[in-house]
Amino acid sequence: MFTQAKLKEKQRKKKEAESMGEEAPPKQVPKTIESMRVKDETMVNKEDTEVMLDEAQDELATYFNRETSPQILITTCDRPCLRTNKFCKELKLTIPNSEIKYRRGLDLKKIIPQAKERGYTDIIIVNEDRKEPNGLVITHLPEGPTLHFKLSSVRLTTEIKRVGEMSKHKPELILNNFGTRLGHSVGRVFASLFPHDPQFQGRRVVTFHNQRDFIFFRHHRYVFRNNKRVGLKDLGPRFTLKLRSLQKGTFDSKYGEYEWVHKRKEMETSRRKFSL
């Protein structure tokens, strides 16, 4: 009964607006968390000369100038559980030119110089808590930056229904809603993990979608049904990231200089600004 009454009221208002024509009142915008948010003033214009100069001189410039190709080292905390190991193996399949090396008690500060000597461009560290992956650290070599994320909602390929078969083609990369200066920096780090030239015949696509400061990772293969329709097949894994900090240079938890740190009280209001 309530639904029918609501539908009739909606139809009545629509007819009333049509009869009034140009004199009809403006359509009301519903108040949602998304619509109430205050947009950040640091939104980036890609054609901004200041931004272009910064990018030409930052730590990731060698990748975007095609002077280096990604070589990724994936490692874990000490004595990782089975689920964390499986997650690392799926990351290795998802990210081309990556390999897994186990810590074996080595401190991360000792691993970084060895990784530089062996030509790695990035290190991905997967942390865990209570036998569940719960943190991700990405440090770009040789001069940083370092990003620390909270990792949640991990779903392995074996936990996804009707999962597709993954090929070895280099994937395409989609970065959604990384519009601020901070988001632009984070997006450039994600981009530097993947090869420059995707192999389009593989129809693989990796997506980092930022919404309400959560970054959703998805991995699909697309199929053209006809000239107008495209189908998606989930390849896995799936997970969600939440940025905790952005640090200059390589990983240094004690003396590192932080460009940005998540402040919980400032971020938990419905009118908070876009941070990414």
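Note that the numbers count up from 1, one per residue, in the order the chain is shown.
Keep in mind that glycine also has a Cβ here, set from the backbone N, Cα and C atoms.
TrEMBL does not curate its annotations; it predicts them automatically.
Taken from TrEMBL, the feature region 'Disordered' applies to 1-32. What TrEMBL records for 39-66 is coiled coil. Look at TrEMBL and you will find 70-252 tagged as domain 'Brix'.
Non-local neighbours of the coiled coil (39-66) in the same chain are 121, 140, 143-145, 179-184, 188-189, 191-192, 196, 273-275; each lies 6+ residues outside the stretch with a CB under 8 Å from one of its CB atoms. Across the coiled coil (39-66), the model assigns an average pLDDT of 83.
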